[in-house]
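S.K.: A single structure is presented below for examination.
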Amino acid sequence: MGQTVTTPLSLTLQHWGDVQRIASNQSVDVKKRRWVTFCSAEWPTFNVGWPQDGTFNLGVISQVKSRVFCPGPHGHPDQVPYIVTWEALAYDPPPWVKPFVSPKPPPLPTAPVLPPGPSAQPPSRSALYPALTLSIKSKPPKPQVLPDSGGPLIDLLTEDPPPYGVQPSSSARENNEEEAATTSEVSPPSPMVSRLRGRRDPPAADSTTSQAFPLRMGGDGQLQYWPFSSSDLYNWKNNNPSFSEDPGKLTALIESVLITHQPTWDDCQQLLGTLLTGEEKQRVLLEAGKAVRGNDGRPTQLPNEVNAAFPLERPDWDYTTTEGRNHLVLYRQLLLAGLQNAGRSPTNLAKVKGITQGPNESPSAFLERLKEAYRRYTPYDPEDPGQETNVSMSFIWQSAPDIGRKLERLEDLKSKTLGDLVREAEKIFNKRETPEEREERIRREIEEKEERRRAEDEQRERERDRRRHREMSKLLATVVIGQRQDRQGGERRRPQLDKDQCAYCKEKGHWAKDCPKKPRGPRGPRPQTSLLTLGDXGGQGQEPPPEPRITLKVGGQPVTFLVDTGAQHSVLTQNPGPLSDKSAWVQGATGGKRYRWTTDRKVHLATGKVTHSFLHVPDCPYPLLGRDLLTKLKAQIHFEGSGAQVVGPMGQPLQVLTLNIENKYRLHETSKEPDVPLGSTWLSDFPQAWAETGGMGLAVRQAPLIIPLKATSTPVSIKQYPMSQEARLGIKPHIQRLLDQGILVPCQSPWNTPLLPVKKPGTNDYRPVQDLREVNKRVEDIHPTVPNPYNLLSGLPPSHQWYTVLDLKDAFFCLRLHPTSQPLFAFEWRDPEMGISGQLTWTRLPQGFKNSPTLFDEALHRDLADFRIQHPDLILLQYVDDLLLAATSEQDCQRGTRALLQTLGNLGYRASAKKAQICQKQVKYLGYLLKEGQRWLTEARKETVMGQPTPKTPRQLREFLGTAGFCRLWIPGFAEMAAPLYPLTKTGTLFNWGPDQQKAYQEIKQALLTAPALGLPDLTKPFELFVDEKQGYAKGVLTQKLGPWRRPVAYLSKKLDPVAAGWPPCLRMVAAIAVLTKDAGKLTMGQPLVILAPHAVEALVKQPPDRWLSNARMTHYQAMLLDTDRVQFGPVVALNPATLLPLPEKEAPHDCLEILAETHGTRPDLTDQPIPDADYTWYTDGSSFLQEGQRRAGAAVTTETEVIWARALPAGTSAQRAELIALTQALKMAEGKKLNVYTDSRYAFATAHVHGEIYRRRGLLTSEGREIKNKNEILALLKALFLPKRLSIIHCPGHQKGNSAEARGNRMADQAAREAAMKAVLETSTLLIEDSTPYTPPHFHYTETDLKRLRELGATYNQTKGYWVLQGKPVMPDQSVFELLDSLHRLTHPSPQKMKALLDREESPYYMLNRDRTIQYVTETCTACAQVNASKAKIGAGVRVRGHRPGTHWEVDFTEVKPGLYGYKYLLVFVDTFSGWVEAFPTKRETAKVVTKKLLEDIFPRFGMPQVLGSDNGPAFASQVSQSVADLLGIDWKLHCAYRPQSSGQVERMNRTIKETLTKLTLASGTRDWVLLLPLALYRARNTPGPHGLTPYEILYGAPPPLVNFHDPEMSKLTNSPSLQAHLQALQAVQQEVWKPLAAAYQDQLDQPVIPHPFRVGDAVWVRRHQTKNLEPRWKGPYTVLLTTPTALKVDGISAWIHAAHVKAATTPPAGTAWKVQRSQNPLKIRLTRGAP
């Protein structure tokens, strides 16, 4: 238990600081959270073997790196810094990584060389691969085709063309005729091929063996190695689709390469690695291994045979032999077989169906795409006649909609071939209407539709007018007839009642309210609401439809449908929610119209319950139940005398359920049975008590609540926060329900608070929560009377073991709010569908109001008071809305539960039937599990604590301690266990989670898992409290007798306050008993308590030592512990540390009073009475007073007549501090003597006698836990108390006027202290108190070097005093000078000049030997100064390397141009270092993709491929994409030093020139379009003379740019272009007269000596931090120099080169220096110093 496994990921997290430092050295930045995410979740998905816990295997890291750096959309550029840092950790592991890194394998040779083998026999010829053999004789060296790069340039006109290849000599053919016959067919490579392949010197080995392989026949018949060039691989990769997209094409390419190039095993791996991904390569190798056949010709699975034919590791085949070449031929054949098998993708008809014809795509082009999809995603050949039908059907179905519909209507479609279908489709495609025709047709249709609509509206208006006339006529006729009947028959009214006649029984003598015949008693229960059918109308303001009708639940709302067998589809008239895009044409009596369908919510149920998609017809008079839904229901309609009845197929009533699609899963869920199912009788017998049957509750006996405001309160109005559509729709049903129930009403109020939608965990449901914090601040506070759950269960006796738990539903809503208080809780709500736009407020007590729990708890308690009186044998506990009823038997519990439910129903409260626990012996209440008179922690409570992750912040730690603290009664010693965690919760404390915190965290969780069962407190029995104390922590267990055993009731623990923690053990036990007795009182409820402890503390409490306890604390302890009616002390017992219960054997008791008497003082013989035979009797005093606004202080030690010691103290010293200093000085001067010392300071006297020892035990802390004042002086006094042989410190009154010895001595000491305070302060240190004896210099030790130097300076030696004297001062030796100056420098780290000025200003009594040299050495070797101080290093100017001809050496850089225009914000600048020619391209992004695109599309076609590129370390240049492209093209990309723009000086200066020119042009032209003005800026840059007087244009083209006057009439003469020969002659002249002299001049600059920097290999240097944070040193290191150049350094630990101007030398102390130990002011600390040599 407690052990953890260290993984690479956890190791890096433990050393995260080192990881960040290594990442910074790699010029990247990493974050811990993303580090963990990539390692544990992202990289394992690459399927390259990366484990979730990380690895330091370089092979796996390189595979992950290749995936991360993959170009295009498959790459992961955001993961580049993290994998680069992983690789740096594994490649150059720090000490904490080395044990986890496997040793590196020996490096493989970069160029494989064949060992000399035996002479090969003439091989047999192969039909596929021609056999090539080695020549026996050596051939002469081949003539050089291309000139040397360092030689002179080629004369393009005079030089002869390069020679062609030389044919093999005749002697070679004579020596081996067969070989000659074989090789005659293979011609030597052409010069162009040689140029593309690269120049290589001929092998220097013996001509009988081949030093390079694979297998290219040279001119002399010898096999030579011609590897794949980077351009070949690049072209194959980019000009062909990937293997996953088109495996056939890539397989054909590889097959042709294998035949024509005859690659070796290594070249095959290189080819596969370039053209295939890692997964594709593995699949090919696996399929190739399956194709290996055994001796019987069948595929074999024997590993030895498979590895022999198709090895996965590099084999040792000798290609000079026939056997080796045969192995290679077989390997290529198997590789081709693997490619073909791996390329067979599985059948995926979904991909084929996804190929559809485009809007403007021709049918023939679509057919070709369809066939290609068949070839790629299916094993079928679309050209096969057997597949023509499938292809034809796909062509018809996936064609454009208009073409497909017409093709489906073709006659005799089965007999049509695919060609016929394509021809028909072409005809349809060509006859499509043009866009103009289509617009004209749509316009005509719209006009016709509008015309029909107007005619229908006019007809409808005429019909409406005629109907109104007929109805008015009928109404008038009815009125006339009614008047006639009235006149004939008179009025028919209810007979008038007499004054004393009852309206109910019509008898006289009483009224209706007093009628005895009228039924009395409570109103009967309301009829139970049907969950599926309602008899209401179908909508607001709408009469119910005629019979037959059925009421269904649609979207949570009841809707009454008219059963209409004539309707084909069921219809809804109200808005049913979201509608689908589908619509249908509905033809009715009044005409036809198109209506939309509701969203598809169909769910078929075997029970007859269905959901349905309805047609939304707002114009329909009634919702209709059509034939579609009646058919699915298998409904039966019976016509009887009472009317039509609609029932199911078995005669049962129909039940139709409509719900949203997201709730469909609930239909398939199995109902979760409760622990004890609530019987239906409880629901039916008490319908008014349950929320499920009684509706919303209302407390009928409670008056509306008035919420009083504070006197200074003003209305607060906070706008509603933005709310998402999902959240608004989620809380909308709740708002609607509360509006319907009258709990919410519209209002207008100056108060407004926001509504917050809170998502319920695990569901998509939201509930509205109102933010009432501002309202709570303005409402008067009331005293909370909610019970404390800590001691609530103390009122539950263990004898009551039958329980009922009820949870009131929407309890706060049962209390009404007074209308005057309702505006306080208003909030905004808008619902256009309901017509609500404004404020709503609560008519009931809202949730979130701070006084709601107290108000409801008091109201319910008052309402249930009668129930408690009527049932005294039952126990009813109430915590707000949670009720617990306990009884002794099941019958009493059922009887009491029935009475409680009846009472709740009558009072208007509603309980939740889902959460009810009725008459059970085991229930859950307030997070506890109650059973058989005991309580446990519930599993949910334990899982809550166990499920919390390791805290990372103080807030998370506080949450954990709060959750675990709820369970502290079950954890013995919880306070001591959690002690390491509490300091991290303080504000402003650094959160440092260490091993101690982790151990405490795990111990709390482990203790929670083993939490015991605690008995419920029985208030009829006495309690016993066992108490123990250890290291300032009180621990105890509260028990009660259960037969012969003690049953734990609670485990108590608490930390003592700092004052009590500093007491002796016996007094700490008193404090522990007092603390735990107070906590136990919350559970015992004032019952008798017996305290048992290992100390006899009762005597201590009755007679406490006044020196340790204050009067207030003493009174508090006595009042609590000496209450004999409630607290009694038992016998002294020895406790078990684990259980805190008594042990069988007892230890010998001790007397606490004796122990306190022995430990109350600091020195046992210290007394306050004069010693008769004292050697000295001294008087001490300290003085502190204000004079001229400055506080002066002094201290003195005197006798009655003379001053022994007096000293002025620093300004601001207090009188108490001065008294301590004086008393301490007296004790030091009386070392080894008998001393009587008098002081008039109560503070110094009490510190020496009493408080000093208390402070020492308490850790020098006050009672509030703060550090005491005068800490150093008190420590010095406590130390000096033991110096005299015998000591008596006596207190005497101050400022006495008598003539006694005490009075004279005190006055003398007071006068001496005041006089000393008036003098100048010589020393500021108050702890280095000097002796009263005269000053004598210390004894110096001079070395031989010191003596030699002293003799040279003319110093004299003082024989009497034993030291050398120079200039009248004692000479301090070199070593002592170093120690003094080193201590002085470390105080404030001044500069050498400041130290010299300080020493010159202060007159030193010594002559310091070699002072200036030592000061310089101390400041140079100070590590803090070296890391912070700036450096003034001056480095000489270097020489920039330039190209030897145009286009070979470029510098590139990005520069930002503001303001951006058309999205162009950056300018990519290329500068040719030879000519100064500049190319600039405006770009929108500063990325590596832009750099490579411009390089390949602009620079390369115009100037050729560069040999060298220089740039800074920007992300676009240092990225893997740019560097990989440069490596592939053979470009040497030089990254300049970081933060050194001078390294890219040419391109940086060009950036400035371009931007300055653009600024001038924009000002002159008045336009901001710098992109338009860029060519003019480039023209100026290209035609500005350089340092040699030539412009870049002249250097490149050999002549100035042509300047043409377009107004010159002779301009036509200038348009004649010179011939090609003239151009070449001019180019030759440029080469001879310009390029060669410039190249020579640049070379001369390189040959000139450059003053290098002073750093050498092996030096230690500090490296500058270019980005420093607050309080972070300016320099980092020191680092060791590994490599140097004239201007840069390479140091150990940083990958990039560093410019010499960014480092400074680190002075390290010599190895011969010795360490010395020095004392410090703190007696618990020492100082280690190292002196100068």
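Glycine is no exception: its Cβ is also placed from the backbone N, Cα and C atoms.
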S.K.: Among Asp1125, Asp1165, Asp1168, Asp1240, which residue shares the Mg(2+) 3 site with Asp1181, Glu1219 according to Swiss-Prot?
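M.R.: Candidate in the recorded Mg(2+) 3 site: Asp1240.
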S.K.: Select one of Asp781, Asp807, Asp810, Asp831: the residue that Swiss-Prot places in the Mg(2+) 1 site alongside Asp881, Asp882.
M.R.: Asp807
S.K.: With Arg955, Arg958, Phe966, Trp1063, Arg1113, Gln1187, Ser1214, Gln1216 listed by Swiss-Prot as DNA-binding, which of these, Arg941, Arg1126, Arg1207, is given for the same site?
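M.R.: As annotated by Swiss-Prot, Arg955, Arg958, Phe966, Trp1063, Arg1113, Gln1187, Ser1214, Gln1216 share the DNA site with Arg941, chosen from Arg941, Arg1126, Arg1207.
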S.K.: For Leu1186 (RNA binding site), just count the other CB atoms lying within 10 A of its CB, please.
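M.R.: So the Cβ neighbour count for Leu1186 (RNA binding site) comes to 8.
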S.K.: Far apart in sequence but close in space: which same-chain residues, 6 or more away, have a Cβ under 8 Å from Asp1181 (Mg(2+) 3 binding site)?
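M.R.: The list for Asp1181 (Mg(2+) 3 binding site) reads Ala1195, Ala1196, Glu1219, Ala1222, Thr1239, Asp1240, Ser1241, Gly1294, Asn1306, Ala1309, Asp1310, Ala1312, Ala1313, given in order along the sequence.
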S.K.: Counting only residues 6+ away in sequence within the same chain, which have a CB under 8 Å from the CB of Gln1216 (DNA binding site)?
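M.R.: In sequence order, Gly1182, Ser1241, Tyr1243, Ala1244, Lys1269, Asn1270 meet the Cβ cut-off.
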S.K.: Where the distance is taken from Cα to Cα, which of the binding-site residues Arg773, Asp881, Asp882, Gln1187 turns out closest to Asp1453 (Mg(2+) 4 binding site)?
M.R.: Arg773
S.K.: When DSSP is mapped onto helix/strand/coil, what comes out for Gln1216 (DNA binding site)?
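M.R.: For Gln1216 (DNA binding site) - judged by DSSP and reduced to three states - the answer is helix.
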S.K.: In DSSP terms, helix, strand or coil for Lys1054 (RNA binding site)?
M.R.: strand
S.K.: Can you tell me which of the binding-site residues Asp807, Asn851, Lys1082 is spatially closest to Trp1063 (DNA binding site)? Compare CA atoms only.
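M.R.: Closest by Cα: Lys1082.
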S.K.: Which of the binding-site residues Arg958, Lys1082, Leu1186 has its Cα nearest to the Cα of Asp807 (Mg(2+) 1 binding site)?
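M.R.: Checking each of Arg958, Lys1082, Leu1186 against Asp807 (Mg(2+) 1 binding site), the shortest Cα distance is to Lys1082.
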S.K.: Quick check for the class: what is the C-alpha distance, in angstrom and rounded, between Tyr721 (RNA binding site) and Arg958 (DNA binding site)?
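M.R.: Cα of Tyr721 (RNA binding site) to Cα of Arg958 (DNA binding site) measures 29 Å after rounding.
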S.K.: Kindly report the helix/strand/coil residue split of the compositional bias 'Basic and acidic residues' (449-464) according to DSSP, in that order.
M.R.: 16 helix, 0 strand, 0 coil
S.K.: Just to verify a number: CA distance, Asn851 (RNA binding site) to Gln1187 (DNA binding site), in angstrom, no decimals.
M.R.: 60
S.K.: Could you check the recorded positions Asp564, Glu1219, Asp1240, Asp1310 and say which one's CB has the most other CB atoms within 10 Å?
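M.R.: Of Asp564, Glu1219, Asp1240, Asp1310, the one with the most crowded Cβ is Glu1219.
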S.K.: Among Asp564, Arg773, Asp881, Leu1186, Asp1512, these being the recorded positions, pick the one whose CA is nearest to that of Arg958 (DNA binding site).
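M.R.: Checked the recorded positions Asp564, Arg773, Asp881, Leu1186, Asp1512; minimum Cα distance to Arg958 (DNA binding site) goes to Arg773.
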S.K.: Determine, to the nearest whole angstrom, how far the Cα atom of Arg773 (RNA binding site) is from the Cα atom of Arg941 (DNA binding site).
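M.R.: It is 29 Å, counting Cα to Cα.
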